[in-house]
Amino acid sequence: MQPRRAQAPGAQLLPALALLLLLLGAGPRGSSLANPVPAAPLSAPGPCAAQPCRNGGVCTSRPEPDPQHPAPAGEPGYSCTCPAGISGANCQLVADPCASNPCHHGNCSSSSSSSSDGYLCICNEGYEGPNCEQALPSLPATGWTESMAPRQLQPVPATQEPDKILPRSQATVTLPTWQPKTGQKVVEMKWDQVEVIPDIACGNASSNSSAGGRLVSFEVPQNTSVKIRQDATASLILLWKVTATGFQQCSLIDGRSVTPLQASGGLVLLEEMLALGNNHFIGFVNDSVTKSIVALRLTLVVKVSTCVPGESHANDLECSGKGKCTTKPSEATFSCTCEEQYVGTFCEEYDACQRKPCQNNASCIDANEKQDGSNFTCVCLPGYTGELCQSKIDYCILDPCRNGATCISSLSGFTCQCPEGYFGSACEEKVDPCASSPCQNNGTCYVDGVHFTCNCSPGFTGPTCAQLIDFCALSPCAHGTCRSVGTSYKCLCDPGYHGLYCEEEYNECLSAPCLNAATCRDLVNGYECVCLAEYKGTHCELYKDPCANVSCLNGATCDSDGLNGTCICAPGFTGEECDIDINECDSNPCHHGGSCLDQPNGYNCHCPHGWVGANCEIHLQWKSGHMAESLTNMPRHSLYIIIGALCVAFILMLIILIVGICRISRIEYQGSSRPAYEEFYNCRSIDSEFSNAIASIRHARFGKKSRPAMYDVSPIAYEDYSPDDKPLVTLIKTKDL
């Protein structure tokens, strides 16, 4: 049996109602054809000229906007008054008659215009009536029951266990048994293969507080029963068949409870319970694994096994008359290839926006009230207008700018480029250059045409008197740093300078800081004392001792007479510090091969054999070798003592002798002639030579570090000085001490 076409009650009234609306429709502003309104003067076309109101809506133009207060960007210049059942800015929205799923056992189609309700139910096999609510006698009466307590389902929090888990004895309801008939097709849905999705909350799809749900959707061919095979951990408690809206909202308000049949290992939904198209079920399962009552949301899409041949698509009811039904031999289902602008599994939805008729990125709104290709509305972006938003709005067409301003139109409105001297959104106000008090710091503003000038207060400058005069720019401080202070300046003088401009230098010498007749020399921030030679110090307060830094050695003394100290060396030393011992042997004072031994402030000569004297200048004649040998072998210090003693005795005797001789000679000289004088002279000469010899002997005895010696005196022949050829000293020989 083919699906029947059910006509909704009152469908035949639709043409009459449409005609009545056309005949009774009022003209603009309440005018009618019998009383035409006098023709208005020709002007620019209004916003209602494009007939933007759809579905019999009445367009009313808004008052012309004030140029000073233009309408908000994007707001149209008209409003639509929609008839009953129609809504939207352009009366483009019509309530979907199929949204409430009026067809209980069939598919709802809004394509027919012969129904006053705006929809047509295509009943499934076994059902009839305007809403497919009447079951044929072949439907088992035990398959449906009334909804006992329709209620809004509430999610179970994930952290909270249900108040009571029904035991299996109470959860399992005694159901009529079912046995498959010969050739009957059954599709099994295994419960353990259905995954629990935690984010699916029954009652609130965005909630995360539910214990989870099971969402299943699959297709089955027509005339096929569905067997829900349960496992050992879950048992089905309740099952409702709901509308599409109730399925989305997890609501049982418009649902009916379903009593499936009991089969081996599961529950069975008979094919008579599954209408052609979408079938939505909500069930509750007592799950012992999750220890909660899990919601099962089941969608079964039933399709006919084969396509119904027809002369045109209008008779192809499987695809709502707006598509081509196709099937494959390997599949038990069919699919619809929809015509242009039709969408949905059964091509049941008309989408006028599918071909994107709106231009300039406008939004297309599908009205869904008729299928003539014009049931859409374009919502234009700011700056565009027209049925398809194809025209750009010229906001400058009414010349809103005044006083010769230039109007610039943009997508969001217009802007006015004002000439000099005017301002405002439409350049309607004249500029007062001094109105904004541009002169700062108590400056006085004067209007100069469209400009202004400022007379600045003392200390300020600039076009708006905003700048302090920089008094320091001219560097008024001669020897200091300039600092601006308010409307003046101040000089911070460098050390050593004073005055208003730091032009005067301090004379530090006025206080006479230098002592001891020193000269004071004035400096910048200071002074310098030039001391006399014998003074030193910052103020020449210290006496400079010439000997303070002089080091005199070896018993020398420092002479501080003068500016520089001088060392006066002890005998035998030389040098600036008397640190050099004079080597008297450098002049080779020892004669006849004598060896010179340097001594402090002197020297000693070690004479060779046969020579004596300080410088080994006296030659000795020895009487015998024994005496010489004894002198040679005698210790030198003993010899020196003996010789010294002999010499002293000899000298005393010699002095006495000489004195006596000289006295005698003087007496004789006084009474004698010249020869006597010459003789006396020769005597003095002899006495002088002899005295030198004795002195040399004494020097050898009493010289520096000389060794003691004793001498025996013997006569020595002095032929030149002795008149009687008799030697005065015959022999000088050493004695052992």
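Including glycine, each Cβ sits where the backbone N, Cα and C put it.
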Next on the checklist: Can you tell me which of these residues Swiss-Prot lists as N-linked glycosylation site: Asn204, Asn223, Asn375, Asn455?
Outcome noted: Asn223
Item to check | Cysteine of Cys482, Cys502 paired with Cys493 via disulfide, per Swiss-Prot | outcome: Cys502
Item to check | Swiss-Prot annotation, N-linked glycosylation site - which of Asn361, Asn442, Asn564 | outcome: Asn564
Checklist entry - How many Å separate the Cα atoms of Cys59 (disulfide bond) and Cys80 (disulfide bond)? => result 5
Checklist outcome for this item: In chain order, residues whose C-beta lies under 8 angstroms from the C-beta of Cys596 (disulfide bond), counting only those at least six residues away in the same chain, are Glu584, Cys585, Asn588, Pro589, Cys590, Tyr603, Asn604, Cys605, His606
Item to check | Per-region confidence, the domain 'EGF-like 2' (94-133) (mean pLDDT, whole number) | outcome: 66
Item to check | Cβ atoms near Cys585 (disulfide bond) (within 10 Å, other residues, all chains) | outcome: 16
Checklist entry - Taking Cys347, Cys531 as the disulfide-bonded residues to compare, which has the smallest set of other Cβ atoms within 10 Å? => result Cys531
Checklist entry - When DSSP states are folded down to helix, strand and coil, where does Cys59 (disulfide bond) land? => result strand
Item to check | Integer Å distance between the CA atoms belonging to Cys520 (disulfide bond) and Cys416 (disulfide bond) | outcome: 83
Checklist outcome for this item: For Cys567 (disulfide bond), the nonlocal same-chain Cβ neighbours (under 8 Å, six or more residues apart) come out as Val550, Cys552, Leu553, Ala556, Thr557, Cys558, Asp559, Gly575, Glu576, Glu577, Cys578
